[in-house]
Structure formats: C-alpha cells, structure tokens
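Structure first, commentary second.
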Amino acid sequence: RCVEAFYIYFHAGRVEDPYVSITKKWQVPKDGYSEETEREVGQAERKLCTHTSAFGRASVIQAFLGSAPQLTLQLYISIMEWEITAARSFFMILSLLSIVYGALRCNILAMKIKYDDYEVRVKPAAYLCIFLWRSFEIATRVTVLVLFSSVLRIWIFPVVMLNFFGFYFFPWILFWRSKSPFPENIEKEFSRVGTTIVLCLLTFLYAGINMFCWSAVQVNINDPDLISKSQNWYQMTMFYTLRFIENAFLLLMWYLYRTDIYVYVCTPSLFLRLLLSYCMAIFFMLVFYQFCHPCKKLFSSTITEALLSCFKFLFFIRKSPKSTVLRGKAVVKSPENTDETRSSSKTIDSQKGNLHQSASSNA
C-alpha cells in the first residue's frame, strides 16, 4: 500500500484519469442553511483515499495492540527497578504519542462514519482538544494499572480480564438481544466462518481500545457498516462514570497495600494528581463536544443537556423508592378506615330504604 500510494501521488496529474466520478456532500449547516456541493473525484484520488483510510485503521491497531501493552510494560519495569533511563523514557514517550494518535484517528473515523453525507473539516482547536483529552485519559489509565499491579500482582489479572471480556461480549450481547439475523453482507467473498472471524477480530480490537480509553466508535453487529451511527451520550456518560470509579478504587487499593518502594513518594499527592488528571481528560472531552466538534450543529442535543438529563434520571431513581413507601403507607392506612366506610355505607343504605318506604306510602 505504501509503494502504491507514493507511485500514485507522484504520477498524479501526468496522465488523465479514464474514469471520473461525482461525489455529493452537504455542508455543515450555517445559520440554519445547508448547501449541497458536487465535486469530481478521479480514480487516483479515490485510490489515495482508500489507502489513507487503511493507514488510519492500521495505526489504530498498532496503537492499542502494540504500543499500549509496550508502554504498560516499560512503565512497570521502571517502577519496579526505580530507574528510568534516557532510552526507555524516549521510547515510552513514543509509545504514548502512538496511542494518542491512534485514539485521535478513532475520533476522526467516528466522525466520518456518522456524518458521511457531510463535509467534515476538523479545525486545529479540535485537534488540540482531542490530543489533550486523549493524553490525560491514556496516561492516567496506564499509570493506574501499573501502580495497582506493582502491589497486587495476582489481582491485576481478574481486573484486566473482567474489563476485556466485558467489552468484548458487550456488542454480541446487544446482537443476541436484538434477535437479528446473522450479517451476511460484510464481504461477498467471505463465507459464514470468515464473517465470524472478522467480527471476532473487530470486537477484539474494540475491547482492546476500551481497556485504555473511550473508543468513540461503537460496534453494532446489526448494522451493515458494523458501526453505530447514533450519538449515544448516555453510554458515554456511563463509561466515564464507571471508569472514574474503577480508577479511584484501584488507586485506593494501591494506597492501602503500597510497599516499601514508595517510601520516597508522596502517595496522597500522587493519588490526588491522578484523579485530577482523569478529571482534566473529561474536561477537555466536554470542551471538544460542546465547542470544537465540527458537526456540533447536527447534534439533536448537546452533551451538557445529555448530562443534565442523566442526572435528572438518576435523581428520579433515587426519589422513586420514597414514593413507593408512601404508597405502601396509604395501603396500610386504608384498612383502618374500613369500619368507618362500612358504617357510612350502612347509613346511606338506611336513608335510601326510608325514602323508598315513604315513597311507597305516599303512593
């Protein structure tokens, strides 16, 4: 792909393309209006776009299945040896930048898939917000996992397996609950076994990404594109809420069972700094979706409105048990007044009987 991409790039414009297609894209609405634009796309440009998307997906695979485990291992060795060499720190920085770049590509890929009919132009401010958001999120997550594994080596395996298999089976559980037929139109050349292998590899990558950060691309096996195109704010809110609680719990376990290698470290300060770093990641994420997202005008609701609705929903859940208790009390109190209701009904019946007798005597 690299050789072919360079060959096409340097030979572009010398020979006229025998086939030219016209693509139609909508512009992001401005002041409530949106225009449809047409553009001619040659065969060379289309091939370069195909190679570019393939490079982006390869960078995501390399980042989360290669650089992320490498960064975690190197940081663990540095903490256990209590020594960081210049070469190791250099490669750790390269691994972190690789993971952040892979996460950034996930965000760009999610925007292009969800808003395929629009021209998506990402501004430098958006790139900066995504970079800071992913940097704080991934660095904090890796550090928390390494600190926990340095004091509780055996318990890190259940934590990792629970996270990984939870995210791995989550798309399959949604698929089984929907009772949809097995997808057959992913690739015409694939058999049922080949399609199953592709779906397993896709969910494997999805679980690997969510181990370290929010994937931004939600796998939907029911969809022909295998990607959910809806913006699910509630799922994102639940992810960051549970991940913050998990990080806080792992840091608390590390703080309680810390060993002698952390004698010269101010552990309470490190504890608070890591939680603050994760809060900074959430802050830059909110800034990106609220102000810097290139397609924020296409949102049905902003992320702040979604957070408020989530909090209102949780508040309603907390208030609902009290209402059920009041209903129970009302049900309990009602039998106490049964005698009064019976006596009142008797008096009403007696009055009706007297009126009937008087009416008959008059007749």
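Just so it is clear, glycine is given a Cβ too, placed from its N, Cα and C backbone atoms.
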Select from 3-23, 45-65, 297-317 the stretch of residues annotated by TrEMBL as transmembrane segment.
297-317
Grab the same-chain neighbours of the transmembrane segment (237-258) for me: Cβ-Cβ under 8 Å, and only residues 6 or more beyond its ends, written as numbers and ranges.
140-141, 144-145, 147-148, 150-152, 155, 159, 210, 214, 267-268, 271, 274-275, 278-279, 282, 285, 306-307, 310
